[in-house]
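Taking it in order: structure first as structure tokens, then the write-up.
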Amino acid sequence: MDSSPAQFLRDLASGNSSDAPLVCYAATMLSSNGMLQNENPLDFTFPLFLFQLIIIILTSRLTAFILKPLRQPRYISEILGGFILGPTLMGRLPAFALTLFPLRSLLVIDSMASMGLVFFMFIVGVEIDPDVVRRVGRRSTILTFVCLIGPVLIGVLAGIMLHSRIQDGTQRGAFVTFLCGILCVSSFSMLARTLADIKLIASDVGRLVLSSAMITNGLAWVLMVFSTALAQSKGKPLSAIWAVISGGVFSVVVYMAVRRAARWVQKRTPEGEEVAELHVCVILVGVMVAAFAADAIGTHAIFGAFVYGLAVPNGPLGELLIEKIGDFIEGLLLPIFFAVSGFRTNLYSIVDAGAVFLLLIVVIGAAITKVAGSVLAAFYMEMPFHDGISLGLLMNTKGIVELILLNIGWDKQVLRDQTFSILVMISVISTTLITPLVNVVAKPSRRYVAYKRRTIRWWNPESELRLLVCAHSSREVPSLISLLDISHPTKRSPFFVYALYLVELTGRASTLFVVNTNCSSSSSLESHRGAPNAGGGFIRHQTESEHISHAFESYEQHAGGVSIQSLTAFSQYPSMHEDVIALSEDKHCALIILPFHKHQTIDGTMEVTHPSIRCLNKNVLAGASCSVGILIDRSLAGTGARAQRYAVALLFFGGADDREALAYADRLATHPGVALTVVRFLPCIGAGGSRRQDRVVDVAGENDDECLAQFQADGGGEAEYVERMVGNAEETVSMLREMEGRYDLYIVGIGEGTPSPLTAGLTEWSECEELGPIGDLLASPDFGSRASVLVLQRGKYREGSEIEMSGGAVVLPMPAGPAK
């Protein structure tokens, strides 16, 4: 009698109690009286389960830590952790298997794994918007069709030819149907994570492949239901057809009933408040009711939970449910499912090397047909060849959905142990190889020429100036709008502003697709490297996005010469700078304006908004090829507006950044409500204070004197020009203190790469070195300034140089030459 864990679990799943080993234990042995009473806790059910759970989680986390440098998805580390604990490795040690995972404990583990899987599929259903399927266009239908033809044909032929060799004793029709479903399926959750990681989720390729993956997943579930029904009915097609029909009726009834009930709950919940605890409890109990009903009609419990989750509408209700149970399910219960899968996977059960080779050929052949079909579909839809290859590779993404289907096939005796183990290993190997291949092939990478005219100074004043204005909350918007307004856009010298709302992403990657399809802003740029709930609540960020968008739209309507497009970027802070830089390159912006990582409180002090914002600003300054400005806001929207006139000071110490600041200040000088003062600091030597006559020329052939002379010759608006002679940094600080209280806004260059004796020593005391010595001084609370500060860095360029950028959803071609 085979008493292995895999065989025991199969007997439990199939109900063949006569073939199961006899396991006897006392019904009262739930918890121990303690080791002090000479009782071993592992002899009792509950302490043993707790210890098993600890071992499973520690093993999966350790495996994930080891594989982290290889950038493999979490699915790989989880299933490998199950292999380690299963009969392939540690389970072969009798002491380990009998002590930690005895047969009497497997029923509890299997039940908890099934419960975790039921609620996980419910979460997956909640995160998917069914309306997207109804909006699937012609292109998605074409891609789905051509990607299904090859795998279905190969599945049918291979299933018929291989059944007698590798699946003898099982129902042939069930195996053929099940093999077609396995070859067709694409893991939607894994695909969403991959697209988010390579920043394609909001692109045409991303939307196309996600919508196609949802259709193929639906077909795979239908084939799974039909296959298991055939297996249970001993090959009677009529019974299988009735199972599919009953599953379809069940889906429609559950979807309509739960949809109406969920919308009733949403209507009963006041805006801005959480759903009542009673309603949440009823919904979660409904998950188990749906799972029980689905199992009762002969489909599978997780199918019922998935359909139930699809019926829950996107919004505050779905978001709340995910927040309440998501981490518990994925962090604690789901690893148990991977461990059970590891118990079922026994590499020593693979005794036919030819079967391994044949199944490997079948899987590779199906993958190739998907890629070939995607290339043909791309050609028909007039898409680039590279996009066709990317679509094919992405459609081959596997993951937890495939593992779930394989486990269902094992439970329902559609697959034998050897076939199950082979297909699981092939799934792991293919995912391990495809994930990095997709990152290399599908990840967008374009080379942008960094033209020197992508700065304010070299932008034609009579052409459209493109700016990217970023905000982390609606609190920053009024001052950003005030800064835009005093920059004096006109119909003759217009602005095109991209208002980008930056949201920290801290949740499951599949949420990205929901957010992308429901975002109310003008457009959406999505990114990620992680997983759900964008910063703690989709509705809160949607409302914030609407407020920001409406504020900029209102300004656009009342101001002349301004066109504004609102966007939203969902990204983790470590990669958020890539989205900002990529968007500035795509839109050919001359200037990026970023908010400071501190904001002013009611008492006038500066408080850190989020520490990661500072890293974001530093990364944008280091990587952007256009000019970058950081606004330290001290109520800029209120100070000048109250007096109907803004007093602005440009502090000019010399260098490329200061010349860029001068070019920006030149635009402010023409505004009738701005009083601009250009203060040039010059070094003096000797007792007589004679001026040093250094002529500094940079690689572009520019020097400070010529730029200032051109500024004055062009009129400089109504600007006042003054010169201040200082000998060292101490005198510079004293001069700045004398100016305190006169201005609402200071503009200064960062001064990177242009050390000056007038600021020497200030950097040693800098708190925020990314602002430059003067910008850091003006932003410091010790300085006591009440004025806002705009620090500018000129765009980096070298003639003929190229900057390679990765990421971004939509890539626009760069112009053939410098902007005119």
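Note: Cβ is positioned from N, Cα and C throughout, glycine not excepted.
Taken straight from TrEMBL:
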| type | residues | note |
| --- | --- | --- |
| DOMAIN | 57-438 | domain 'Cation/H+ exchanger transmembrane' |
| DOMAIN | 496-639 | domain 'Cation/H(+) antiporter central' |
| DOMAIN | 647-794 | domain 'Cation/H(+) antiporter C-terminal' |
| TRANSMEM | 44-67 | transmembrane segment |
| TRANSMEM | 79-101 | transmembrane segment |
| TRANSMEM | 107-128 | transmembrane segment |
| TRANSMEM | 140-162 | transmembrane segment |
| TRANSMEM | 174-196 | transmembrane segment |
| TRANSMEM | 208-231 | transmembrane segment |
| TRANSMEM | 237-258 | transmembrane segment |
| TRANSMEM | 278-311 | transmembrane segment |
| TRANSMEM | 355-379 | transmembrane segment |
| TRANSMEM | 391-410 | transmembrane segment |
| TRANSMEM | 422-442 | transmembrane segment |
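With pairs at least 6 apart in sequence, the transmembrane segment (174-196) and the transmembrane segment (140-162) have 3 or more Cβ pairs within the 8 Å limit; the two touch. Contact between the transmembrane segment (44-67) and the transmembrane segment (107-128) is supported by 3 or more Cβ pairs under 8 Å, counting only residues 6 or more apart in sequence. Nonlocal intrachain contacts for the transmembrane segment (422-442), taken as residues 6+ away from its ends with a CB within less than 8 angstroms of a stretch CB, comprise 70-73, 75-76, 79-80, 182, 190, 194, 197-198, 200, 205, 341, 345, 347, 350, 355-356, 359-360, 363, 367, 386, 389-390, 393-394, 396-399, 402-403, 406, 415. As a quick check, the transmembrane segment (208-231) and the transmembrane segment (79-101) miss the bar of 3 or more Cβ pairs under 8 A, pairs 6 or more apart, so the two do not touch. Remote same-chain residues near the transmembrane segment (391-410) are listed as 10, 13, 73, 75, 79, 117, 121, 143, 147, 178, 181-182, 185-191, 194-195, 205, 208-209, 212-213, 216-217, 220, 224, 227-228, 300, 302, 337-338, 340-341, 344, 367, 370-375, 377-378, 417, 420, 423-424, 427, 430-431, 434-435, 437-438, 441-442 (criterion: CB distance under 8 Å, separation of at least six residues from the stretch ends). For the transmembrane segment (174-196), the partner stretch with the most Cβ pairs below 8 Å, chosen from 79-101, 237-258, 278-311, 355-379, is 355-379. Within the model, the domain 'Cation/H(+) antiporter central' (496-639) carries an average pLDDT of 75. Through the fold, the transmembrane segment (355-379) approaches residues 139, 142-143, 146-147, 149-151, 153-155, 158, 162, 165-166, 179, 183, 385, 387-389, 391-393, 395-396, 418-419, 422-423, 426, 430 of its own chain, all at least 6 residues removed from its boundaries and within a Cβ separation under 8 Å. Look at the domain 'Cation/H(+) antiporter C-terminal' (647-794): DSSP puts its residues at 49 helix, 40 strand, 59 coil.
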